[in-house]
Amino acid sequence: MMRGNGTVVREFVLVSFSSLSSQLQTLLFLLFLTIYLVTLMGNVLIILVTTADSALQSPMYFFLRNLSFLEIGFNLVIVPKMLGTLIIQDTTISFLGCATQMYFFFFFGAAECCLLATMAYDRYVAICDPLRYPIMMGRRACGQLAAASWFSGFPVATVQTTWIFSFPFCGPNRVNHFFCDSPPVIALVCADTSLFELEALTATVLFILFPFLLILGSYVRILSTIFRMPSAEGKRKAFSTCSSHLLVVSLFYSTAILTYFRPRSSNSPESKKLLSLSYTVVTPMLNPIIYSLRNSEVKAALRRAIRRTLGFQKL
């Protein structure tokens, strides 16, 4: 269809990894499918174990369950379509489908940034103000913090997605990415996007950089408190309670900041795809592994769950 001198875009084409050979794309499909299944199973297992085990009912594991729900949603938004582009070469995505994918990518991404900051605050209160921890991190307070983290994704997703897809798309429809991310889609707009790009930078600072600075500030206080502890055992226990979260934060934010805060001149589409794979595909798989392998309480709960399961099977 034509509108004025341009074509009304009704669908987009995801370039994805089409430049690679079919054999290599098949190998990538098998690799990403394996990662996807491991991600789903690992995060579902974390949710089930931390819900069922009475020893894992503290605020830390409540927030961990929320993180696992977010990771599952994050993966469902991106990976199935990416697998389709690799194995059946289904590279087209409708206009509405692209907008929906982008909306939930923004939603889950912003919510995860805020939830990671909330988890850092939980560790800060637990280590730096342990006497007031039961009051400050009660059931109601934890519910409100988790709800605020989830809700934070709505405004950024709504504003960003609505604004982008209100622009005219006049012809080129090849999105040089494996999902509908903002920069490659906005590059197809045939209008002045400078005001949107300023708003997008502001939103990125608010929902990526600001939570990261809160996390950084929390851990500065946490480490300062740990180093002042008199006993080596107390230091070890305190550090072990936040080491998993610190590792997850490092993995998520290092790739996200490199993706969205690098100068355009040094941010080629191929390098951005690799960085995006890190925080959209690899990190969600590693999170449950990190929390299960580095956390003695989770490992103990998993052993109890396995023993109960085997006991039921024997009966």
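Here the Cβ of each residue, glycine as well, is placed from N, Cα and C on the backbone.
So that you can see what the record holds, here are the features copied from TrEMBL:
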TRANSMEM  27-50  transmembrane segment
DOMAIN    42-291  domain 'G-protein coupled receptors family 1 profile'
TRANSMEM  62-83  transmembrane segment
TRANSMEM  103-121  transmembrane segment
TRANSMEM  142-165  transmembrane segment
TRANSMEM  201-223  transmembrane segment
TRANSMEM  244-262  transmembrane segment
TRANSMEM  274-293  transmembrane segment
The transmembrane segment (103-121) vs the transmembrane segment (201-223): 3 or more CB pairs under 8 Å: yes
Rounded mean pLDDT for the residues that make up the domain 'G-protein coupled receptors family 1 profile' (42-291): 87
